[in-house]
2 protein chains.
Amino acid sequence: MDEFSFINSIKQHTYKQPSVVKGIGDDAAVFRQPYRDIITAVDTFVEDVHFARTTMAPFHIGFRSVAANVSDLAAMGATPAFYLVSMIIPKTWPPDELDEIYKGMKKMASRHHMDLIGGDTVSGPVLSVSVTVIGYANMNRARYRSTSNEQDIVFATGYLGDSRAGFHMLTTPGSYENELYFYDRHRKPLPRVDFAVGLSNLKRVTLNDISDGIANEAAEIAEASKVDIVLYDEQIPISAPLGQFSPKQQYEWKLFGGEDFELVGTVPEYDWGHVKEIAQQTNTPLKRVGVVERSKNPGQHNVFIVDRNNHKKPLEKKGYTHLADKDKKE
Amino acid sequence: MDEFSFINSIKQHTYKQPSVVKGIGDDAAVFRQPYRDIITAVDTFVEDVHFARTTMAPFHIGFRSVAANVSDLAAMGATPAFYLVSMIIPKTWPPDELDEIYKGMKKMASRHHMDLIGGDTVSGPVLSVSVTVIGYANMNRARYRSTSNEQDIVFATGYLGDSRAGFHMLTTPGSYENELYFYDRHRKPLPRVDFAVGLSNLKRVTLNDISDGIANEAAEIAEASKVDIVLYDEQIPISAPLGQFSPKQQYEWKLFGGEDFELVGTVPEYDWGHVKEIAQQTNTPLKRVGVVERSKNPGQHNVFIVDRNNHKKPLEKKGYTHLADKDKKE
């Protein structure tokens, strides 16, 4: 049984607490309080499964663990407020390196004025960092994957594939340009909180954060919204220095490379101007990358890619698998 | 660096979010919403550190993981509402056993009408279950360890040492009485939520849940409230069938045996009648076990035990260490 099917197998179909707005099935859960909604999510990262000491210093492990969770809040349009940390620590980990993990967490958390309000540490055979985040959204302004309509514009923030390229540089000896830029993109991702929260005036915007590659995240939106999504290969935003890699690498990494922690979303055409404005105000690179279409076959909701020759083909459903199957993918 | 010192080392001394009422340092954190307070805590349990397959079926692992967290909410006087689960699962775990873990969680959660609203599962080398719980309390009615005053009555719920006795029976072959009772007390603990929430009319009551033995939990109250606590050996409540064990075992287990998930607390004498009434209404065995005193030496806050001969001596500070050091303790 893989991760996905297990989470689905334990999903409740009805909720007893009347304050639940959204349970399992999006980037985070939502429950309602007077005047606002509370958003919460949890994610666990395990050494040598999600990160390795060969490519990450302890500081980065901490920074990224919190960043990945903050990115889930961004994908919900929520403002981060609190986090709790539960760690498994092998007895062999030196105290000063633990301290570095915490410094990394704190650095990321401070960017968003988050408070650490709880946690525990237990001993065990492998380093594991589990982060729970809690944030706020205005009532009925949490963002879901399920709200895309046909003819919506599909957009993406930032530059995709950079994190994957940084990982490549860190693990494949060679001569590269702009190495520090790519290292940072891999080790110190900056979730798009300001942009996502800035959209709070919009009645309807669909968001998903790019933790497993835009192909996979777009497929989640297509599935949840029961639509098809068409992406334009040439519009997928990449950074200039990604051009140093082969066309095949660029294609793979921008579409299937994980952990950029950018956002992919959809909005009605008439709100596109407003979205662009917020992007400008929050210094967020923003690109129109596709369009939402009615699903051709009822019950099948797919992602297509249109290449430079205007050929349209279905995009493979393959997610990002962290350290494990890197080499198989290329 | 042990668990405790690491958590203390990362504790924030000031909070940026104005809604924080209590950060790290009690059984759970508290933040304020209009009309009520929200309580949250996280705990992680690792195979062969906190539980072993030799003494726990998968169902029990799930049941207890949620119970331990619900007990933290009880210790805060909070009503459980939600939980999130983050699991590390070795690839060798069969799907049907995973399902049993979940059934155990659900069983415990259902007792308190809790909804599972989030979670993730990742693969890794060791089974680990991390549970985040969220609950509600009336405004200014969350309960802390820091509110005891001298002359307060000290009380305890239930019967102490049973869980430890159950563990002993499961790991030390022998001929015992009431085995099933003790197995259940060890594998399926029932936190004292109804009793704790029932006390919500009281202006001041101090609570702590007994996860690491009453000696340790009373010491936490003494420390946080800057008082001494005196316990009466003969008043510590034990179940009748615990009498089958040696006096030394009974003494060790009732004072230092962990994971009973009962409550220890203090109240002013004038509220004792009300506490007894709530105990009766909620079918909660309740015993007056001691008294709060002014600390003899400023800056030193201790727990004392008075034996049947009226000899008073300081109670050792030793916590419960799950599976690890069991034998060393006896």
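Cβ atoms here come from the backbone N, Cα and C positions, even for glycine.
Pulled from TrEMBL, these are the features on record:
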- A:25-136: domain 'PurM-like N-terminal' (DOMAIN)
- A:Asp43, A:Asp72: Mg(2+) 2 binding site (BINDING)
- A:His50, A:Glu259, A:Tyr320: substrate binding site (BINDING)
- A:207-296: domain 'PurM-like C-terminal' (DOMAIN)
- A:Asp212: Mg(2+) 5 binding site (BINDING)
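Known features from TrEMBL, placed on the structure.
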residue  : record                 : DSSP class
A:Asp43  : Mg(2+) 2 binding site  : strand
A:His50  : substrate binding site : coil
A:Asp72  : Mg(2+) 2 binding site  : helix
A:Asp212 : Mg(2+) 5 binding site  : coil
A:Glu259 : substrate binding site : coil
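Fewest other C-beta atoms within 10 Å: among the binding-site residues A:Asp43, A:Asp72, that description fits A:Asp43. Of the listed binding-site residues A:His50, A:Asp212, A:Glu259, the Cβ environment within 10 Å is emptiest of other Cβ atoms at A:Asp212.
The subset of binding-site residues A:Asp72, A:Asp212, A:Glu259 lying near chain B, with Cβ atoms under 8 Å apart, is empty. Per-residue pLDDT, averaged over the domain 'PurM-like N-terminal' (A:25-136), rounds to 95.
Helix, strand and coil residue tallies for the domain 'PurM-like N-terminal' (A:25-136), in that order: 35 helix, 47 strand, 30 coil [DSSP].
Secondary structure of the domain 'PurM-like C-terminal' (A:207-296) per DSSP (helix as H, G, I; strand as E, B; remaining residues coil): 43 helix, 23 strand, 24 coil. Ranked by Cα separation from A:Asp212 (Mg(2+) 5 binding site), the binding-site residues A:His50, A:Asp72, A:Glu259 are led by A:Glu259. On the backbone, the CA of A:Glu259 (substrate binding site) and the CA of A:Asp72 (Mg(2+) 2 binding site) stand 12 Å apart. Put simply, A:Asp72 (Mg(2+) 2 binding site) is 17 Å from A:His50 (substrate binding site) when counted between their Cα atoms.
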